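Student: Here TrEMBL flags THR31, ARG120, ALA140, SER142, SER180 as L-threonine binding site. According to TrEMBL, the ATP binding site annotation covers ARG54, HIS63, SER150, ARG198, TYR271. What TrEMBL records for 246-260 is compositional bias 'Acidic residues'. Summarising the annotation, TrEMBL assigns domain 'YrdC-like' to 9-202. Annotation comment: TrEMBL describes 237-261 as region 'Disordered'.
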Amino acid sequence: MALIVQPTEIEIEKASNYLKQGNLVAFPTETVYGLGADALNEEAVKKIFQYKDRPLNDPVIVHVEKYSQVQDLINLTEKESKFYKHLTQNFWPGPLTIVAKATSKVPDIITAKSGFVGIRSPSHKVAHDLLKVSQLPIAAPSANRFGHVSPTTAQHVFEDLGKYPITILDGGSTVVGIESTVMKLQEINGKIQLTFLRKGAISPENIKESIKNIPEFNDIVEINVVQRVVDLKKKEEEQKAKENENENENQNENQNENENEVSPGLHITHYAPDKETYLILNIDLKQDLKTDSNINPNINLKNYSNINSNYEKKFTFSETVLIDFKSQFLDIKDKFFAYSDLSPNGDVEESSVNLYSLLRWSETFPQTKVVILPEITQFFKNLTKNQKIPSILDALADRMFRASSGKTAFLDLHNYFVCVFSKLENLKEN
Ligand code: TXA
Ligand code: MG
């Protein structure tokens, strides 16, 4: 049975000893809660996979207190090393995981036999204290059941992993709310290649900004972002293949290997809540962000009057949970079974903090059939030059896209239906 404790000095000391004995401790970071083990103790790390029900081909992030601790764990060229240091000086402690060549000291179970290890130094005080007191590198994925929404409170961890003998350090709600940026760093043909494998609070623009006045880096750094185009048809086929018991094992293995080539954690349905979830497409905001405080949804929604002709499924609003953004549907909130808002004032950072909590909340209504979320990038399409898009917007949109597996719906505001189509347009991630 898991135990939730307050992160007092004594409890941190106890948790540190518990880790050293090969046990697991869940702790808050600024992003989400992690399920930690001594990274150099293979048996302990195995428990992470077992408790989370996580496949072994998914590598685990290692957390360190400070830069000096990475020396033992990574094996870099001179250029890589210089740039790694630059990154840590600019972005650590913080939500940037750097994936780089691992030394043989790092267990295979951490790297998923890729030869690369992802490391970050979290900025949360409790995480920091635990790392400092234990002096261990701590392997920690998000502390949720595999495939479920990441935890942003100690209670969330307990809900998913409460039956296991873990200590949960309660540091309240996390302040970023979505997982760290995962970026691979590699020297190829004399250039430093940076590949963004997972979006987070640190964006490619933040990295560019950090090197723009350093010619030594500016000249050799190349940035790639892994783009995913969700082929829903392929997804459906994959789903069918999985359901088919007779499917031969080799084929499934190959499929996993292909996913591995990018990053296993990028699996599209990775952050899915337990209910059918869709993104609402027909929010059509044309007004300037600054002047639209009194938006009336009936004006801003396109009139899809012929919508009833070709949908595949429809749900009534009364069997729907709506997670709103910027009070778009506040006027008609009583039509839905349950209604909440990521940020009534349209604040992106606040939305990131609230997203996972609200996805978990949306699962608590057994009477409902469907959860709908706004397609949030639509709100930021027509910005003027001096309106800055918060750097976490891309990451937030990415998580909402995954929560819905890229599936979209339209709202019929005349009849109060959520309409879901069989022939969906393939959505491109931006
Ligand atoms: O914010 C976070 O990163 C949180 C907190 C606890 O630090 N951790 C977290 O870990 O989100 P996890 O395991 O849930 O997601 C990390 C993802 C993995 O799924 C994997 O895709 C990628 O990061 N990753 C980790 N190590 C990697 C490696 N060596 N090569 C490629 N991808 C890696
Ligand atoms: Mg995770």
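Cβ coordinates come from backbone N, Cα and C, glycine included.
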Student: Anything within 10 Å of HIS63 (ATP binding site)? Look among the binding-site residues THR31, SER142, SER180, comparing CA atoms, and list what you find.
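Tutor: Qualifying among THR31, SER142, SER180: none.
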Student: Under 6 Å from ligand 2 by C-beta, which of these binding-site residues make it: THR31, HIS63, ARG120, ALA140, SER142? Sequence order, please.
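Tutor: Among the binding-site residues listed, those whose Cβ sits under 6 Å from ligand 2 are SER142.
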Student: Widest Cα span across the L-threonine binders THR31, ARG120, ALA140, SER142, SER180, in Å?
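Tutor: That value is 13 Å for the farthest Cα pair.
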Student: If I take the Cα of ARG120 (L-threonine binding site) as reference, which of the binding-site residues ARG54, SER150, ARG198 has the closest Cα?
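Tutor: Smallest Cα separation from ARG120 (L-threonine binding site) among ARG54, SER150, ARG198: ARG198.
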Student: Cβ within 8 Å of the L-threonine site centroid (THR31, ARG120, ALA140, SER142, SER180 excluded): which residues?
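Tutor: Neighbours found: THR29, VAL32, GLY34, ILE61, HIS63, PRO95, THR97, PRO122, PRO141, GLU179.
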Student: Non-local Cβ contacts of SER142 (L-threonine binding site) (under 8 Å, 6 or more apart, same chain)?
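Tutor: Once residues fewer than 6 apart are set aside, SER142 (L-threonine binding site) is near VAL32, TYR33, GLY34, LEU35, SER150, PRO151, GLU179.
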Student: Looking only at Cβ atoms, how many others are within 10 Å of the one on ARG120 (L-threonine binding site)?
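Tutor: Within a 10 Å radius of the Cβ of ARG120 (L-threonine binding site) lie 27 other Cβ atoms.
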Student: Any idea what the Cα distance is from THR31 (L-threonine binding site) over to ARG54 (ATP binding site), rounded to a whole Å?
Tutor: 20
Student: According to DSSP, collapsed to three classes, what secondary structure does ARG198 (ATP binding site) have?
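Tutor: Looking at the DSSP assignment, ARG198 (ATP binding site) belongs to a strand.
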Student: For ligand 1, list the binding-site residues among ARG54, SER142, SER180 whose CB atom is within a distance below 6 Å of it, in sequence order.
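Tutor: What lies within reach of ligand 1, judged by Cβ under 6 Å, is SER142, SER180.
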Student: Just to be sure I understand the packing, how many Cβ atoms besides its own are within 10 Å of the Cβ of ALA140 (L-threonine binding site)?
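Tutor: ALA140 (L-threonine binding site) is surrounded by 26 other Cβ atoms within 10 Å.
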Student: Quick one: Cα separation, SER180 (L-threonine binding site) versus ARG54 (ATP binding site), in Å?
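Tutor: For SER180 (L-threonine binding site) versus ARG54 (ATP binding site), the Cα atoms are 19 Å apart.
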Student: What Cα-Cα separation, expressed in whole Å, is found between ARG54 (ATP binding site) and ALA140 (L-threonine binding site)?
Tutor: 12
Student: So what pLDDT does the domain 'YrdC-like' (9-202) average out to?
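Tutor: Taking every residue in the domain 'YrdC-like' (9-202) and averaging pLDDT yields 97.
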Student: Would you kindly give the Cα-Cα distance separating ARG198 (ATP binding site) and ALA140 (L-threonine binding site), rounded to the nearest Å?
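Tutor: If we compare the Cα positions of ALA140 (L-threonine binding site) and ARG198 (ATP binding site), the gap is 16 Å.
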